[in-house]
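Quick look at what TrEMBL annotates:
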| type | residues | note |
| --- | --- | --- |
| DOMAIN | 1-395 | domain 'Major facilitator superfamily (MFS) profile' |
| TRANSMEM | 17-39 | transmembrane segment |
| TRANSMEM | 45-68 | transmembrane segment |
| TRANSMEM | 80-103 | transmembrane segment |
| TRANSMEM | 109-127 | transmembrane segment |
| TRANSMEM | 139-160 | transmembrane segment |
| TRANSMEM | 166-187 | transmembrane segment |
| TRANSMEM | 216-239 | transmembrane segment |
| TRANSMEM | 251-271 | transmembrane segment |
| TRANSMEM | 278-296 | transmembrane segment |
| TRANSMEM | 302-322 | transmembrane segment |
| TRANSMEM | 343-362 | transmembrane segment |
| TRANSMEM | 368-391 | transmembrane segment |
Amino acid sequence: MVAVSDAAPPRAGNPWLAAWPVTAVFVLSNAPTPLYVLWQHRLGFSAGTLTVIFAAYIAGLLAALLVAGRASDRVGRKPVVLPGVLLALVACALFATATSVLALGIARLLAGIAVGITVSAGMAAVVDVGGPERARTATLAASTAMVFGAGLGPLLAGVLSETLPGPTVTIFVLSAAVLLSAALVVARQPLQRPAERGTGGWVRVPAVPRAQRRPVWLGIAVFAPGITSTSFVLSLGPALLADVLGTSNRLLAGATAFVMFGAATAVQFAARRLGVRAILLTGAVAALACMAALLVAVHARWILAIVVTAVLAGAAQGLGQLGGLTMISTHVPEQRRAEANALLNFGGYIPAALLPVGTGYLSDALGFATGSTIFAAAIVVASLAAGGLVWRHTRTT
């Protein structure tokens, strides 16, 4: 059991500045997105292999979630977050020099570990810096920093790869510089270590006390379909664009990802004054609408429908994420907050890894349209179930 800290609360800081490391790590997380088509052409791997490379990121993220949240709640945020930023720097070097599928997979794995640390310990650090009086503002800062970075990375990668030499190198040099600045921010954050350390093992599936389980699981129910939708767009969206347009355009692929996460950012600012019930229900509806747009995009081969799919996927993830994090900041005590963040992301990223990978292999075997239709059906079922659970249970949550 983790002991409650008797230490004085850390002095208040700026949650928006504290969120910069979250942005920096997520710039790297999706920067490879528009470059996959280029690597695929150079190295000659299939859509199924592409989704496995993408899933290596999810595997690293999930492995980090087994440790990072609990470790952060026990030893403090800073000793956990700073190594995560350093791992992201190593991933930058591997991406910039990758000449094989194995190298790409290892780079993605390390990037995933860095992201797993960031979404648990890093985002909890942002809320800690904001303090109880600014918990909702700090939650918004952490959540929007994540999706802003996730959108900015592929946009920069697309622009730089189309306009400067070294299309698979330049973005990672820039990302490394951003991460170095983030490391300085982490080092200067006004955070304190817990006065007492908890007992028990360091590695375990994230969990929260029974009294806080329902709010966290309701957040997962909506967050999972949303982030799985964005995972699909990131992993298979560039291939869909290339198929519809008849050519690969890295700038367009990066811009599509930026629009998706731009929508995820904007919708959170628009929804910041809504109650958490309305946020979660709207997120479930956005995921349903996203799947309708995806089916139109795939079967009608309509470029505008691809853009609409990306926008709605971003909205679904953004609302599910904001709703889930708001549930955590409202219902989960500080000494379990990072582990609760880890649980939220654990529940979201598992389907975000499995479903797009399955869709990639189904697309290889049965065609992209059939694979995408099966994927859409699964998300529709999950979103309907999530909306029903939120409608039923949030009146007393």
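Here the Cβ of each residue, glycine as well, is placed from N, Cα and C on the backbone.
Keep in mind that this is a model prediction, so the values were computed, not measured.
With a cut-off of 8 Å between Cβ atoms, the residues of this chain six or more beyond the transmembrane segment (368-391) that come close are 47, 218, 221-222, 224-225, 228-229, 232, 236, 239-240, 243, 277, 280-281, 284-285, 287-288, 290-291, 294-295, 298-299, 316, 351, 355-356, 358-362. Touching of the transmembrane segment (139-160) and the transmembrane segment (251-271) is concluded from the presence of at least three CB pairs under 8 A, sequence neighbours closer than 6 excluded. Long-range neighbours of the transmembrane segment (109-127) within the same chain, counting only residues 6 or more positions beyond its ends whose Cβ lies under 8 Å from a Cβ of the stretch, are 15, 18-19, 21-22, 25-26, 28-29, 56-65, 68-69, 71-73, 77-78, 80-81, 83-85, 87-88, 90-91, 94-95, 135, 138-139, 141-143, 145-146, 186, 189, 191, 206, 325, 329, 337-339, 341-342, 345. Long-range contacts of the transmembrane segment (251-271) within the same chain: residues 30, 33-34, 37, 140, 143-144, 147-148, 150-159, 161-162, 230, 233-234, 237-238, 241, 245, 278-279, 282, 286, 306-307, 310-315, 317-319, 321-322, each at least 6 residues beyond the stretch ends and with a Cβ under 8 Å from a Cβ of the stretch.
Tallying C-beta pairs under 8 angstroms between the transmembrane segment (45-68) and each of 17-39, 166-187, 216-239, 278-296, 343-362 places 343-362 first. Packing against the transmembrane segment (166-187) from elsewhere in the chain are residues 17-18, 20-21, 23-25, 27-28, 31, 35, 38-39, 78, 81-82, 85-86, 88-89, 92-93, 95-96, 98, 125, 153, 156-157, 160, 250: each is 6 or more residues past its ends and has a CB under 8 Å from a CB in it. For the transmembrane segment (278-296), the residues of the chain that approach it from at least six positions outside its boundaries are 218-219, 222-223, 225-226, 229, 232, 267, 271, 302, 305, 308-309, 312-313, 315-316, 318-320, 322-323, 326, 372-373, 375-376, 379-380, 382-384, 386-387, 390-391, 394, judged by C-beta separation under 8 angstroms.
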